[in-house]
């Protein structure tokens, strides 16, 4: 019980900082770069530095109004100074991190293998939300996160005295990124290379979690992750299309609000499109740009939660 309370409290703080990174890291570009991207990445100094301000009136947010979730509830979703609406995006993200942490702790139990996953969760939330909002996987975050993950996984393998954890991590990263690279190579217009990079990070963690069950299980877990991600991707695409989010360009417009950063997620239903209401359904679906990163990350979490059952039932 004490572990759950600790994860809840610390998770809210980490979730709050995750919102800061989500808001501040993506930087809209005046015009697309040579890769066709409409967003760049701000320097880490700009992301982590500075106090939170209302993006509507610029008023600095005092410390007591920066308490995760509770401050939003106390303010009833509005800036105290100018009355600008604070979207529900921030409290949802702030609460998501501790909820996901607790889910992992209840499934995996307290142990060395849990620690790398506690690192993975906020990174996954940040990357997934940024990809959903900008259609871009932030490489500026993915590679450093993968390096930290490798160190944490190596430390947990050493602490557990289980070299198969490290072997599984390496195998998972190679298989998952290799599979997505093959898909990207054949259909570069259907999958962004950022998802290939993200697969390295995800494969490390999935392979490490089931590594003690053998190499075959590590490969199976990666294949399972891809299958679940495909299902989630179809669901996400259907939801976006149903909401009228038939876009071929990233969503960049955000409402003014009091935030831990500079922006809020745009409601897909508010996005204007050039698509006529009576346009052919197949054409709308074909033109829909669906970020695969969130689906891949959500699938990784699901597989992580069921990994103990995979080891018990399929491990060698």
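Cβ coordinates are placed from backbone N, Cα and C, and glycine is handled just like the others.
Look at TrEMBL and you will find 9-106 tagged as domain 'Prepilin peptidase A24 N-terminal'. The feature domain 'Prepilin type IV endopeptidase peptidase' is assigned by TrEMBL to 120-230. If you look up TrEMBL, you'll see 99-129, 141-159, 165-186, 198-214, 220-243 marked as transmembrane segment.
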Residues of the parent chain within Cβ reach of the transmembrane segment (220-243), under 8 Å, 6 or more residues beyond its termini: 172, 175-176, 179-180, 202-203, 206-207, 209-210, 268-269, 284-285, 288, 290-292, 294-296, 298-300, 302-303, 307, 310, 314
Intrachain residues whose Cβ lies under 8 Å of the transmembrane segment (165-186), provided they are six or more past its termini: 113, 150, 153-154, 156-157, 192-193, 195-197, 199-213, 215, 217-219, 221-223, 225-226
Chain residues outside the transmembrane segment (141-159) and at least six past its termini with a C-beta under 8 angstroms from it: 21, 25, 112-113, 115-116, 119-120, 123, 126-127, 165-166, 169, 194, 197-198, 200-201, 204-205, 208, 211
Structural state census, the domain 'Prepilin type IV endopeptidase peptidase' (120-230) (DSSP three-state): 98 helix, 0 strand, 13 coil
